[in-house]
Amino acid sequence: MLDPKFLRNELEVTAERLATRGFILDVERLGKLEDKRKSLQVATEELQASRNAISKSIGQAKAKGEDVAPIMAQVGSLGEELDAKKAELASLLDELNSIAMSVPNLPDESAPIGADESENVEVRRWGTPKEYDFEVKDHVELGENIGGLDFKNAVKITGSRFIVMKGQIARMHRALAQFMLDLHTTEHGYTEAYVPLLVNEDSLMGTGQLPKFGEDLFHTKPATEEGQGLSLIPTAEVPLTNLVRDTIVDEEELPIKLTAHTPCFRSEAGSYGRDTRGLIRQHQFDKVELVQLVKPENSMQALEELTAHAETVLQKLGLPYRTVVLCTGDMGFGSSKTYDIEVWLPAQNTFREISSCSNMQDFQARRMQARYKAKTDKKPSLLHTLNGSGLAVGRTLVAVIENYQNADGSITVPEALRGYMGGLEKIG
């Protein structure tokens, strides 16, 4: 969430910056609520002071042998009025907090201003798409022909947007995840983590999925008097980032760089009819996530580094890609700046997103109270959090299958994966 003080004191500026991402802040409503908050705050403090002053006079009256009943009645009346004002103030603060939790992050000044994805800005390309002397097939046809992708049984077992992988395709999928983890832990300095696939509501509030995007989640257990509800993770960003929720980290521990390979689960609400064929948009998919927790002054450089780490996976696999910086109107709810990495898919003759790398600055940290403390500082400060896919395993599999296809329907195994696949040079 945004800094409440900044929101209160710079309401018009905040509204202008949020408007660049298509979010309309109700300035009039917030202004009225803030005026009411100030009024209630003053009234509460004045009532508290009056009650305290009159309460002190009770002892003095008793010492003089005076009747204290009228004073006691006055204190009681003030107490009732004070309790009513406190309840009204608490309700108002809850309303303000609810509004604050629904307001997206402010775009960084370096993010290009634009309305939608058509105004994203390409910053670089790597590799040259291969030219084929035969008609290219998509990953669905190639995978089904070698018996590795089984959509029919996935529909029978569960429903649409699920997959059963078998044989050499399943092995390649596993090899990709292992390759990514090894690269990030041995060359990029990340610590591997094994995390829960079910998270509570506090965790989802911390990273920004709740309260606004509950319909995108698979909820497995509703909240009860005994505890919070549980939901399947939409990304390992949630458990990894929440490791520092309600925590004060020593400055010497920073930066903290974490990675995890997990299944991810998304309802894909609002995606009806999009990417219905193949592995591009699934309810369950594997992803290797990258998370960095850094000091504020280092977060923009950390974003460049994290994005480069994700790009390195594609470079080592020999997959052409381009990197774009998202315009303000296309950024995610909690992001201040985002790079999307898009891999080349020959069958679609276009680039498709395979990684999204974002700097959340202190937006998540404020929601989570994730802080760090320098030895020279009296008070702890909010961390900056970053995350990105390094990479989405299923989409990387799609890219490998399509870019490395041969005329006979076989698939060449990229050199980087051969050590993970028993030395196989081809599958199919």
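Using N, Cα and C of the backbone, Cβ positions are placed for all residues, glycine too.
Swiss-Prot names T235, A236, E237, E289 for binding L-serine. Of S118, S389, S410, the residue it gives for the same site is S389.
Annotated L-serine site T235, A236, E237, E289, S389; additional same-chain residues within 8 Å of its Cβ mean position, judged by their own Cβ, are V238, L240, A260, T262, C264, K287, V288, L290, V291, N387, G388. Ranking the binding-site residues E289, E353 by C-beta neighbours within 10 Å puts E289 at the top. Other Cβ atoms within 10 Å of the Cβ of S356 (ATP binding site), summed over all protein chains shown, number 20. Looking at T235 (L-serine binding site) and R266 (ATP binding site), their Cα atoms lie 9 Å from each other. Looking at E353 (ATP binding site) and S389 (L-serine binding site), their Cα atoms lie 10 Å from each other.
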